[in-house]
Amino acid sequence: VERPRRQGMAKNTYMRWRLPLVCLLWEVAMIVLFGVFVRFGAEADAHWEEEKREMNLTSDIENDFYFRYPSFQDVHVMIFVGFGFLMTFLKRYGFGAVGFNFLLAAFGIQWALLMQGWFHSFKDGKIFIGVENLINADFCVGSVCIAFGAILGKTSPIQLLVMTLFQVTLFSVNEYILLNLLHVKDAGGSMTIHTFGAYFGLTVTRVLYRPNLEQSKDKQGSVYHSDLFAMIGTLYLWMYWPSFNSAISDHGDAQHRSAINTYCSLAACVLTTMAFSSMLQKKGKLDMVHIQNATLAGGVAVGTSAEMMLTPYGSLIVGSISGIVSTVGYVYFTPFLESRLHIQDTCGIHNLHAMPGLIGGIVGAITAAAATEDVYGKEG
Amino acid sequence: VERPRRQGMAKNTYMRWRLPLVCLLWEVAMIVLFGVFVRFGAEADAHWEEEKREMNLTSDIENDFYFRYPSFQDVHVMIFVGFGFLMTFLKRYGFGAVGFNFLLAAFGIQWALLMQGWFHSFKDGKIFIGVENLINADFCVGSVCIAFGAILGKTSPIQLLVMTLFQVTLFSVNEYILLNLLHVKDAGGSMTIHTFGAYFGLTVTRVLYRPNLEQSKDKQGSVYHSDLFAMIGTLYLWMYWPSFNSAISDHGDAQHRSAINTYCSLAACVLTTMAFSSMLQKKGKLDMVHIQNATLAGGVAVGTSAEMMLTPYGSLIVGSISGIVSTVGYVYFTPFLESRLHIQDTCGIHNLHAMPGLIGGIVGAITAAAATEDVYGKEG
Amino acid sequence: VERPRRQGMAKNTYMRWRLPLVCLLWEVAMIVLFGVFVRFGAEADAHWEEEKREMNLTSDIENDFYFRYPSFQDVHVMIFVGFGFLMTFLKRYGFGAVGFNFLLAAFGIQWALLMQGWFHSFKDGKIFIGVENLINADFCVGSVCIAFGAILGKTSPIQLLVMTLFQVTLFSVNEYILLNLLHVKDAGGSMTIHTFGAYFGLTVTRVLYRPNLEQSKDKQGSVYHSDLFAMIGTLYLWMYWPSFNSAISDHGDAQHRSAINTYCSLAACVLTTMAFSSMLQKKGKLDMVHIQNATLAGGVAVGTSAEMMLTPYGSLIVGSISGIVSTVGYVYFTPFLESRLHIQDTCGIHNLHAMPGLIGGIVGAITAAAATEDVYGKEG
């Protein structure tokens, strides 16, 4: 019985040996590098009892695990279900989207634990990891999932693995320069994750440009149910974005504030997206592409400033603007990118990640500049 | 290429200007009102360090964020994925269900933050918000999602936004009267959320009664995959209901108890629902409508009393009864409502929310009346 | 209108009275037994304030609820959405998978609370329950869901309920013998849950062997969308497995460590699964069956040892090996089981649960044997 379900992965006829070899060799490399470098951080190590006594902690609940694990799981869902299903809207590429996203993310988090570990958690020749490292690895892979959105349907799994290797490396270098050398604050990663990921992906898709792709566009359309699957991705990204932006903020009020700001920004973004989607379409219909994507721009745009004293109404303003910018981008900018610059942006990541990420950087700079001792208290 | 995916939203031909205008003007109003009124509560504000010292808290983990954020996220999933996908069972209305639910909830939470804030968190001319306000706003919007279930497939997004505006307002007034003036305890919202939401929705659908709707019933049928999508909604509502009922309970044993009671009630409800579904159908088949809906009645019915000392076996009894009542309602009461009272209840919210909510109120009253100092300790 | 959606449940023509009777009588039995035996544990009881004072706890956050509830909800999702949707891959059996899984799990958790309670939480003639009991009940039901995978599509709901009754009973006895009498440590349940559940299910499917099942194989195939639904199950199991393995570990570093080890093992497992899936297929295509199942073997195999000082690279090794073993099992062992031993293993649970569970037991024994005072500190 010829089962149609493998069709999404059908083109990769010659990868019989290449994919297994790459996967196995790279996994062996991971094992060796983890063996040499990676150890449990103090809060995950069996010596934690001693550590606790030294730090005068009275309770196990002070372990960072309890501050961050629920947020980590939300971020985890965003990477694997959120990004994976968001890209299932193509009628012929549902498995490719979910399956390849699964593969690249599973490799990416291992390589990211190493790369980010060398830059940020390296001590006495070892990388010490805890739940915050897992979150950061997921973040880093998030930027790869974003880039994947631009080239969706055009690449083999091996190409994706190679891209992941390069992008995670570059991500970590870029992050190190921004956070450690330039001392930029970017807890929600508007710039480090979203803008970086988007421009990386757009560069790759420009390189892979194929002029005759247009002919295969009927394969690229969506069907009713593939669009509903994509809504699963959209909603999980939308709902858990407050966890994304607050996951690595400081304990206490900063995490609390990040979640509230993101919640407000996203709510406002939905209304302006629907408004402009209806306004810019013939007959005022709503376009599912906008609902699936532009509604999320508010989370991207508030990433940098979410943990700052942006205030709830500030978040509504940021969210409103980013929903408008993103929707307008889908209607006017994506066709322009394709026809003039030969950049085929399958999922429209320029509208969802690049532009809102830039807005996020600007808003973060303004909010930080507007910070006064009065607003933050003398300890802030 | 004419894409079929917008079909669910196809009727709204003349909303090109009306929907954008309503969305944009209302969002501007939200921004202005948030700017005037809404500020971060003490636990989300950058002055939290000082607050912490004043209240003699030794650790950041005492921030309400860590008590309630995981439950908040579960409730958030129930509102957007739970209610959204529960309503995708109609073959032609999957996007309308998920998309319009998304729109009305995103607007509703903003308006609810204001309305509930004025009633409950207003101090010195400002509304101070924290994670508990976000949960309450989600709760309030939950009652709108319930009402949406009655009129599913019969309204435009603008009508839904108008309904949301009115219902959130009325919800907050009703909640204020019940909780603050009559001092009713209703942590899980059996009455304030479910019964209120259901009767509001039934009133609206009575007003919108169209006698020829029956002819379009073939459009209203379900198909195999739309029913599976609906099961996603059902299961997320079912699984996270313990979080729903415990989300705003007092810290400590009350939250713990609410979760256990709800878990027990829901488990029992599944068995009695399946029993009566099979019993009342020809040939003993199970009806997906009952499995999708009546299995949830146990969560509704235990809402008021979950944080009380209802005990696990009490929860099993409440869950068992509500499953039976709800299933019988689907078989006998919904057709009666439509043929005699001209109330077209698309999702059967009378069976899932109105009646179990009333049961919940009665159970709550009995449990509260049965409370003795022995059961609760002298501090309870 | 003949709706196709009940087709998956269509064979059970004569269950009109049997299913209702079993459900109702058993639920009444549960109510009676809960009434006699089950009470709230100290941390869920209204006397918690007094308990807190006695134990010198200064904060409500010390309640076990806050240590374990987020993990409990993740486990809950794994049981109902994870296992439920993983089994929807059959084209004609989506509802049977999700619906019957729902029914058996809802009954199973009640019976498991009693059985496990008598063995582990029994004091002065009562069973005292808290969030840890809910997790253990979900674990126990997990082993029934695993067994269900072997007989998927071959049983009526009544047979499943009877199987649940027996399996939960036997599970609890087996667990008591292993954990309490033989003092085995098995926090993630590699042996107690996975290996036990798998061999139980394989025994049942051997008993139910029907030689002419092969003819109905076209009914058993998957279609594109049913495979995407199954991916929802796969991903939720994969993402939340760190919560599964850490849910009942000791507070503090043990929970933290379990999550990290499981995260690493699962990531490695994806790569080796993809490698072998591609290598063993004609033309190097990836097989969705492997991606849906074998990618999870890493979570099973690391269950016993996750809370030990397995180290991250040790987890990568365990995950890599289990992915290979599981994929090879799907290609060579499942056909062998069916043709030679007349064991029809619909979901291939021997490859996903039995063998990785055995690996888990062996790894756990090695890790425990390798434990030294140096690694764990003198208090470990």
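Residue numbers in this text run from 1 along the chain shown.
Every residue, even glycine, has its Cβ placed from backbone N, Cα and C.
TrEMBL lists C:63-371 with the feature domain 'Ammonium transporter AmtB-like'. What TrEMBL lists as transmembrane segment is C:21-42, C:65-86, C:93-114, C:134-153, C:160-179, C:191-209, C:221-240, C:260-280, C:313-333, C:353-372.
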Long-range environment of the transmembrane segment (C:353-372) - Cβ separation under 8 angstroms, sequence gap at least 6: 146, 185-186, 188, 190-191, 193-199, 202, 297-298, 300-305, 308-310, 314, 318, 321-322, 325-326, 329, 380
Selected stretch (most C-beta pairs under 8 A with the transmembrane segment (C:134-153)) from C:93-114, C:160-179, C:191-209, C:313-333: C:191-209
Mean of the pLDDT scores, which run from 0 to 100, over the domain 'Ammonium transporter AmtB-like' (C:63-371): 89
Recorded stretch, among C:65-86, C:93-114, C:191-209, C:221-240, maximising Cβ pairs under 8 Å relative to the transmembrane segment (C:21-42): C:93-114
